[in-house]
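Residues or ranges marked as compositional bias 'Low complexity' by Swiss-Prot: 326-356, 369-380, 387-404, 412-433, 630-642, 811-869, 886-899. If you look up Swiss-Prot, you'll see 434-462 marked as compositional bias 'Acidic residues'. Per Swiss-Prot, the feature phosphoserine maps to S544, S545, S805. The compositional bias 'Basic residues' feature in Swiss-Prot is assigned to 571-611. The compositional bias 'Polar residues' annotation in Swiss-Prot covers 760-779, 789-806. Feature annotation from Swiss-Prot assigns Zn(2+) 1 binding site to C910, C913, C934, C937; the stated evidence is sequence analysis. What Swiss-Prot records for C926, C929, C956, C959 is Zn(2+) 2 binding site, and it gives sequence analysis as the kind of evidence.
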Amino acid sequence: MDTFKRWLNKPKADDKSLLARFFHADRSLTAVASELDSFDGRAEPDRCTRLVSRLRQNQDKVLAITNLIMEELLGEDRDPRAFRAKFPEEVLQENLAGQLWFGAECLAAGSSIMNRETESKEMRPLAQAVTKSLGNVRVLLRDQCLKNNVPNSKTLHLDLNDSTTEQLYESLKIFDRLFAEFELSYVSAMVQVKSRHEYEMQQWIGVLFSETLQRALKIGLLDQEMVDAFDPGLMFSIPRLAIVAGLVVYAKGPLNMDMPGDQLSEMFRPFRTILIKIRDLLRNLNNQELYQLEKLLCTNEDINTKVPLGSSSIEAPSPEHSAHPTTSSSQNNNNSSNNNHSSSSSTTTTMGTTSTHRTVERLVDQRNNNHNSNSNSSTNPTVEGATLRSPSMLSLSPTSTPTASPAPSPTPSHSIASTSSAATSSTNPPADWSDGDDEDEDDDDIEVDEEDLESSDDDTDEEQLLKDIVAADCASGYLIPNTNLGNLLQPQEVPLTDNFVASEDDEYGTTEQQGHQGLEEEEPSTSAAMLAATRTLQRLRLPSSDTEPLAEPTTIKATEEHMQQPSGRHRESHSHRHHQRHHHHHHHRHSHQHQHRQPHPHRTTRSGRKRCSLEAVDPETIQPEREQNLASGDTSAASSLSDDVSLAMRNTTARLKFKSTENLLHRLFVCIAGVADQLQTNFASDLRQILRSVFLMNMSSAQEEIDIPEKTKESELFEFRASENDVIQESAGSNQSIYSAEEVNPELDNVFSAGGGNQATGQRHSAGASMQRNNTIDLANQPGEGSPSGATMATSRSHVTRSRSLGDQEAASSATSSTAHLRQQEQQQQHQQLQIQLQRQRNNSVGSNTPSSASSTSSSSEQNSPVSARSGSRRRLQSNNETQMPSSATSTSATLSPPAWIPDGKAPRCMACQTPFTAFRRRHHCRNCGGVFCGVCSNASAPLPKYGLTKAVRVCRDCYVREVRSGMGVQGVQRVQSVQASAS
């Protein structure tokens, strides 16, 4: 008897309830599995392949329906699956559940994943538990299908007092937990899953992208409209700008190249070498150059900058710095916290007792007075000899050597990002720093001084420093198609290794041979190099940086200590002020930027520092000072100082290798764009997730949201196979739909609500207020006292123009002011009628793009909101009523603008029956309210004379009832009102 009842309760094929759908899907799966077990798959491989494909499809269907049942029964008791955030995007597919079930059955049967034998052995017990639990759930669900199924029910109707229902509930909970554990284990074994650190780094990358976008919007590189419209160009612009911002602006963020490589995000880890080179060059750009580069990365426009090559500070120098370098330096020094404690520029005006101070004073005076004396130094034969000492100097002539000026950093973003690589040099005219009086120094004392300061430790440190430089800078760049990014950062005529290493290496072998020529080879850069090195040592304040850890140590510290004895407090307070002004972090090399003039950093080599130092040393003080230096030498501290100075020289030297600023910016553009565009290929899924989050966070909030009820969960996988009759029924009135499509352009429709309209229509109109456009309405022969609704059912249709007027405000203001000239309007009636006719002819031909006349048309460029749209429409109608000549002989006619259509993307369901739209269930717009309905809810048709639609068009059922039932009564009332208005 029970079997007979079960047979009677078996779900029908057309039953759309969840239990019925599960019943038929499970039966199909069982049939395929039985057929697959009935023959030898090795004998018939083609048939086996087809059946396996059908098996996996049926498994997907069964698990999808089971998932819907668990959603309804378990609800919040389901096992969390937050781990899916660590999965690659391509793994999260619709058939993931079927793949997991198939893999669990294979593992339970004894097979193993290829090249994953260890993981397969560990997962096998879990896979067996999953298959067993799923089999139990299938049996219980089949039993419920035969006992408690309600045909075509959208919800489950289970007997809560039945023990099998409670058993089903517990079985579903166990299966859900086991299946979630197996999903994490199986996917982790098959693909690379992000660790916790990698996932957090990806989130930080998203924060960087968002901050970059907000910064680009703030400085005008991008527009908010592009973000709101999801402009595809932003998919390329944002990653490019993020690289620049992450390396320069937010230097301590996720693109901090100083952190270990394993802590860097996996997205940028392959590009670490090239990013370091890009960072070093970016830090030498000023504000103007950085803005030009970012604009180039956004728009791909030509570089439009004429900044000379010498401008290499992160902040653009002010005109005062360029025109008056000495004056600006003195002002910067005097405006500090202690006016009497400054660098050697201000020291020359207060201290002149010692020989060192006299030498510095002569150098500064010579720089101030000899801006145009470059011809002498360019013809000096000793300059050529000094230039040949380093290959890095071959590309520059003394006439092109700019002097450095202090470039204070007003913006905290660049001051944080700036390091010693941003050794400043501005566009000041070159100065001749040579002084004939200094050539009287004794060369023999210099040679003896050099030989006494050499040591074996210095040789070892020099070799190690050279190895570190070669290892850091000679690494190959990350490849893009047909391009080496590492080589792109080098000039075409200079090899990669010559950029940073050649000057030090070649100088090592040539300095001893030219030791006696140190005082004779003075040029602008060498004298400036002495001051730069001396000030650098003063600012760093190393306790024992007396000895230079190079192969040819110099007496820079001797000069420094000689200057420090009378002004030790001055230097200390100056160094403190420098750190407070620029907010530098713990790196020592950060404390000597943007404060004092440096020579051309390309020429500030070891030999240059040696020669310049010896110029300022009094011969009588060399021997005691040198003994004091040797007594307090610290090799490690001096080595750290040498690394910092070398880093600054290397970075600025790399910039000076390029022919022009345009060439440098172009190289940076190619490299940055190459790295950013490769992210689109190598990390497409991660980049899509980041950009999606960035767009959602930074898009402007919608002005008005359409209230559409949420869809029910049980109908997410609703299967609907439309028959021929269904298709015909749902597309009923196809001719009307074609007519509607020809008659109305939804993009140009306006939200319009007449004063006498009902509230329901106004609500539908307000739902599409965001689609409002500037429409103009022509009203002819309108009575002065007639209401806007009094002409809605007139027989004649006035012309409706949809135009984007450029003078909407002027037309609206003139229409408002026309009330004061009513009598003049009456006298000029004939002239106005002629203007109306001409305006209509132009609108019929090409459309009106000019401001409409106040007497004929009125624009609707009000605020984009439903309230202002409706109130503005009333004002426009009233203004037009006042401007028209009252006449009892003419009939009233007014045509309203059709309502805006709700976009298809904002209406996933029918607004009447809430049925989701599918490939067969089409969307239809009601011409009266603009709503989106299915074919069943919008199969009515009626003419809409108030919109100028005399033919029957598609309307929804609610609008059809209102229009048909109230049409005659409203028309009669309107006629009475029109007669009364004309009589008055």
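Cβ atoms here come from the backbone N, Cα and C positions, even for glycine.
This view paints the features noted in Swiss-Prot onto the structure.
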| residue | record | Cβ contacts under 8 Å, 6 or more apart |
| --- | --- | --- |
| C910 | Zn(2+) 1 binding site | P916, F917, V932, F933, C934, C937 |
| C913 | Zn(2+) 1 binding site | C934, V936, C937 |
| C956 | Zn(2+) 2 binding site | A912, C926, N928, C929, G931, F933, C937, S938, A940 |
List the other residues in this chain whose Cβ sits within 8 Å of the Cβ centroid of the Zn(2+) 1 site residues C910, C913, C934, C937, in sequence order.
R909, M911, A912, Q914, T915, F933, G935, V936, S938
Does DSSP put C956 (Zn(2+) 2 binding site) in a helix, in a strand, or in coil?
coil
CB contacts for C934 (Zn(2+) 1 binding site) [other CB atoms within 10 A, all chains]
23
Count of other CB atoms lying within 10 Å of the CB belonging to C937 (Zn(2+) 1 binding site)
20
How many other Cβ atoms sit within 10 Å of the Cβ of C929 (Zn(2+) 2 binding site)?
25
State the count of C-beta atoms found within 10 angstroms of the C-beta of C926 (Zn(2+) 2 binding site), not counting that atom itself.
27
